[in-house]
Amino acid sequence: MNYNSLVWSQAKNGDPLLCVAGDARIKLLNARTGQLSSTLIGHGDSVNDLAISPVDPTILASVSIDHSLRLWSLDPAHEKQPLGAICYGQGHKDQVLTLSYHPKGRYILTAGMDTKINLWAVPDDIKAHAGTDKPAVVHYPHFSTTEIHTDFIDCVQWYNDLVLSHACREGKIVLWSIDHFSSDRATTPPAPIPTSSAVDSRTLVTIPVNSTSSTRSAWGGRFQRLLQFDLPNTDQFYIRFSLFHELGRHPILVAGNEKSKTFFWDLERLEKSGTGDLGMGDDRTHGGKGVPLSLPRHVREDSAGSTGSSAVSAGSANTKTKPKKAKDIVRDCGISDPFRSIKAHKIIETPKYKTFAFRHFSWSRDGQWCVAVGDCGTINVFNRWENGVPPVQPDKPIPSGSEISL
């Protein structure tokens, strides 16, 4: 059997629990004893991705070829009927390839082969439905669009309230936002329904006043493209990126391609590079609507105060250099144009091996290690610092040679 997804949880007695999927069944393995703890059955076809709730390790989300998102309870009390909710109906029309839990646990993003990205509000009463034969059913996502990508969407991830997404054959990762969406709001408006649909239901819904057939949102408006990152040679699907984002550390985006290359972007470094086309502080605004073109500060969770964690800085911050002329400045270092792909700050090619595609990445919690898996059974381990991890010392420059090395 081939496995394509795994996530960690915790058993009731504290043992580490490994959730793995490949076919329609999700297996729960006790990592300490090596025994099969339980099997979750319900999907009608193979499972493509898994995610554990960031606020409750006993809630597991899964998406499948059967077009559905399912939420499961891992509580032993619900072992006989673990399914708590199904998000299905007016969501996806083809297999779902990827999902991402919002850090606050209230929302889930899904995307797949129908080129659609959906945002679902997680029901508050999952545990009340688990253990019964009547799981909660969610028919409509709170946000839905097919305007971001034109091909199979194989990876989507939250960046606080912003969204990162990738589709095959496009050669880029896109950073974008949902108009008027804020996870800080205590209440969530009713889900919008397609303007061409009618349903006999007691569930409260919203009829969008201004909508297109390609995008609908419970918060009104549509979306804003913010940035895109250059990722060449990604014609295949199921190539996934990963975002390291921990409090007090620079956010680092990593992705791989089909040519054995790994790409790293320091999102904090983009913020400091300026907003103009030449990274020279152009103060234009997006669409003439007064929206700043710089990367929003709220996405960094106070990481600006940390100076000990820039994974791709090549030299000391206090090194005096001769000012560059405009023609010498890399033209893609600015972040004012949402349709100009930003080149990676660091590119590493895996040597002495035949060309392969990277499929998935995972970071250690401290950001020191990044593990990548790919075709041909390859496993690559990246060390964040060449000469060991320097101590975090506020108000001091980043030491020279601080860059990711294989």
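If you go along the chain as it appears here, the first residue is 1 and each next one adds 1.
Yeah, the Cβs are placed from backbone N, Cα and C, and that goes for glycine too.
Remember, TrEMBL labels are computer predictions, not curated facts.
If you look up TrEMBL, you'll see 40-75 (among others) marked as repeat 'WD'. Per-residue pLDDT, averaged along the repeat 'WD' (40-75), amounts to 96 for this model.
Residues or ranges marked as repeat 'WD' in TrEMBL: 89-120 (among others).
Residues or ranges marked as region 'Disordered' in TrEMBL: 275-327.
If you look up TrEMBL, you'll see 304-317 marked as compositional bias 'Low complexity'.
Under DSSP, the residues of the repeat 'WD' (89-120) split into helix, strand and coil as follows: 0 helix, 16 strand, 16 coil.
When DSSP labels each residue, the repeat 'WD' (40-75) comes out as 0 helix, 18 strand, 18 coil, counted as helix, strand and coil in that order.
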